[in-house]
Amino acid sequence: MIDAAPPPLFPHRHLLGIRDLSPADIKSLLDRADAAVAISRRHEKKTSALRGRTQINLFYEASTRTQSSFELAGKRLGADVMNMSVASSSVKKGETLIDTAMTLNAMRPDILIIRHASAGAAALLAQKVGCSVVNAGDGTHEHPTQALLDALTIRRAKGRLAGLTVAICGDILHSRVARSNILLLNAMGAFVRVAAPSTLLPAGIRQMSVEVFPTMADALRGADVVMMLRLQRERMAGAFVPSVREYFRYFGLDAEKLKVAREDALVMHPGPMNRGVEIASEIADGPQSAIQEQVEMGVAVRMAVMEALLDPRRNPADGVAA
Amino acid sequence: MSVTVFQNARIVDPSRGLDEVGAILVEGKKIAAAGAAAHNQGTPEGAKVIDCGGKTIVPGLVDGRVFIGEPGAEHRETIASASRAAAAGGVTSLVMMPDTDPVIDDIALVEFVLRTARDTALVNVFPAAAITKGLEGREMTEFGLLREAGAVAFTDGRHSIANALVMRRALTYARDFGAVVAHETLDRDLGAGGVMNEGLFASWLGLPGMPREAETIPLERDLALARLTGGAYHAAKISTGLAAAAVARAKADGADVTAGVSINHLSLNENDVGEYRTFFKLSPPLRAEDDRLAMIEALRDGTIDIVVSSHDPQDVDTKRLPFADAADGAIGLETLLGAALRLHHNGDVPLIRLIEVLSTAPARLFGLPGGTLKPGAPADLAVLDLDEPWIVREADIRSRSKNTCFEGARLQGRVLRTLVAGRTVFEA
């Protein structure tokens, strides 16, 4: 991955959220990720960029997709990867987070990947450990690698991010993916629209530099990208929306609703999908769908992030806990 | 009887609308004279004379809302450690909340607190008893017996009573005993697990927001019940302009209603939460800046009657957690005065009004001795340097818990000496 002209030194030790990144930071990560895509498509996929480094995946929420993506990314970079799956039942919400972190820290890992149900958990961890921390999703706060992989997918399909119109549809209120994407897309000069039932919009959404639309038809008109969000099952039965069928009727993406978007509009979903709830199968599996591409880009983006954070040019003393 | 004269001081006594240069004569446990008059009386023979060098003397602060961990959570705070913090903060009397383990809902607990305070505390500790048994919001406690045992008010502390009928009966029954019912209102359903003020900032942090209406809807209910029953109702800790307006309307209607605000809600706003700083996780949550300004206005115009520290010690086990999982509350006894004096220094609230809401008014509200420098009153007072700057340092905190919102804050004005019943309990 490191060519003759090495990429600039990434100016952060942790990746906790898109909010901390400048447009230049984002661009450099996407450029690195582009190179990583090529590695993943080779016959020989293993590099030595992180040889001898230790990566721990600490997942307090089950996530096959994200965890395996980080695991594979680490392995392709040559790191030693350990998975700490914390069964959510055995850990009383958050209570042992710091203790677990301190224990892991004592094993001297180089990078910790954390997924946790509480917003701010990754930032808390980063204060307490001596290694780099990557936020793999903290509550409804941020999921920065998801936004980066979405951006990479869009950039590779459309050649750019600036000036594109991206419609984000569904459960914005509970979505860390939406927050990270709104931040990233705005930073890179895209126009962001959101569409959701009003019960699933966060307070202050209109001050988040997005255009809010009450219907999919308005939000999707002329859009370059349609990003669907997952609706959690427990939120469908009367608490936020009355029923699955009513939700799908107004906010599920089907061929009819997609018609008003640009003909070459890209359809995305962070997964896992609820087919027939937020997205119809014909669309998910259709020609405009970039959903499989997103998964591939996920590995590349995570390789890029970890390589950037663990750049050997960084002062090794930075990473030593007191 | 020992006699001490504090000479050459600025005497601020809101109970008599007095702000003048003079002296204070302390005889034994009581104040014999205070003000310019005392100065003119001269010094009795054998008296100890303390020259205050122009510093300010105020009646000791009366903190109407203090949470203490004894019994049940002594690792966070004991009555003794809270009293040391109080003395250092110029607080000579405090009203202790019933949120202990076991709960102060029985005369045995009231007696325990009074006995422990007598044996270990530097300042006056007045227990408030629970409105409902176990703070569960259902069955009333023995208001009469608790009052006789020494409970100065009734409150469910951190807990909010959801049932309107329970609240109606509590207000009605408390009236028979001349007792104040203090209530911190929160509609848990509407609050929906909110952990900070609802708005853009909470949305970006991904934290569930607490709408202002979760505070004001049950408050409006309580105010209606206060009108209905004629009971004495104290809105213990309001935080929004909407709440202040509701209280002002009830007062205008002649209801027996008072309101309190915590020093935190006068000093800080939601932006202070920053990057998930759990020491700033409070209930009600820190609000937007316009609400903070509304609190100051309500303090100035008399809608708000008292300012409290809402001292709430929490240990690392309850605070060093992800924000949503952390406990609410911050300590405040030692910073109450310094933080309040900011409002004096920046011209928001006149000094005499500040001392009134920190001392005279809460003493009157809860029927406590103190809050005044009148002759015959207990010699509970604080000598202050109104201008001395200082920085709040964790290492200097006397409270057993260190969860302050003011770590590193630059405050102006500090306590030089605190007297309780004529005895010096703190000296800088």
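Just so it is clear, glycine is given a Cβ too, placed from its N, Cα and C backbone atoms.
For reference, TrEMBL has these:
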- A:ARG65, A:THR66, A:ARG115, A:HIS143, A:GLN146, A:GLY271, A:PRO272: carbamoyl phosphate binding site (BINDING)
- A:LYS93, A:ARG176, A:ARG230: L-aspartate binding site (BINDING)
- A:13-155: domain 'Aspartate/ornithine carbamoyltransferase carbamoyl-P binding' (DOMAIN)
- A:163-308: domain 'Aspartate/ornithine carbamoyltransferase Asp/Orn-binding' (DOMAIN)
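Known features from TrEMBL, placed on the structure.
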{"residue": "A:ARG65", "record": "carbamoyl phosphate binding site", "DSSP class": "helix"}
{"residue": "A:ARG115", "record": "carbamoyl phosphate binding site", "DSSP class": "strand"}
{"residue": "A:HIS143", "record": "carbamoyl phosphate binding site", "DSSP class": "coil"}
{"residue": "A:ARG176", "record": "L-aspartate binding site", "DSSP class": "helix"}
{"residue": "A:ARG230", "record": "L-aspartate binding site", "DSSP class": "coil"}
{"residue": "A:GLY271", "record": "carbamoyl phosphate binding site", "DSSP class": "coil"}
Winner by Cβ contact number (other Cβ atoms within 10 Å) across the binding-site residues A:GLY271, A:PRO272: A:GLY271
Using Cβ atoms only, which of the binding-site residues A:THR66, A:ARG176, A:PRO272 are under 8 Å from chain B? A:ARG176
Expressed in angstrom and rounded to a whole number, the carbamoyl phosphate site built from A:ARG65, A:THR66, A:ARG115, A:HIS143, A:GLN146, A:GLY271, A:PRO272 spans a maximum Cα-Cα distance of 16
Other than A:ARG65, A:THR66, A:ARG115, A:HIS143, A:GLN146, A:GLY271, A:PRO272, the chain contributes near carbamoyl phosphate (Cβ within 8 Å of their centroid) the residues A:SER63, A:SER69, A:ALA136, A:GLY137, A:VAL177, A:PRO270, A:GLY298
Same chain only, sequence gap of 6 or more: which residues have a CB within under 8 Å of the CB of A:THR66 (carbamoyl phosphate binding site)? A:PHE59, A:ARG115, A:ALA136, A:GLY137, A:THR145, A:GLN146, A:GLY298
Which of A:ARG65, A:ARG115, A:HIS143, A:ARG176, A:ARG230, all binding-site residues, has a Cβ with the fewest other Cβ atoms inside 10 Å: A:ARG65
A:HIS143 (carbamoyl phosphate binding site) to A:ARG230 (L-aspartate binding site): how many Å between their Cα atoms? 14
Number of other Cβ atoms within 10 Å of the Cβ of A:GLN146 (carbamoyl phosphate binding site) across all protein chains: 26
Give the residue counts of the domain 'Aspartate/ornithine carbamoyltransferase carbamoyl-P binding' (A:13-155) per reduced DSSP state, in the order helix, strand, coil. 64 helix, 27 strand, 52 coil
Work out how many Å separate A:GLY271 (carbamoyl phosphate binding site) and A:ARG230 (L-aspartate binding site) at their Cα atoms, rounded off. 7
Count up the helix, strand and coil residues in the domain 'Aspartate/ornithine carbamoyltransferase Asp/Orn-binding' (A:163-308) according to DSSP, in that order. 60 helix, 24 strand, 62 coil
Rounded Cα distance in angstrom between A:ARG230 (L-aspartate binding site) and A:PRO272 (carbamoyl phosphate binding site) is 7
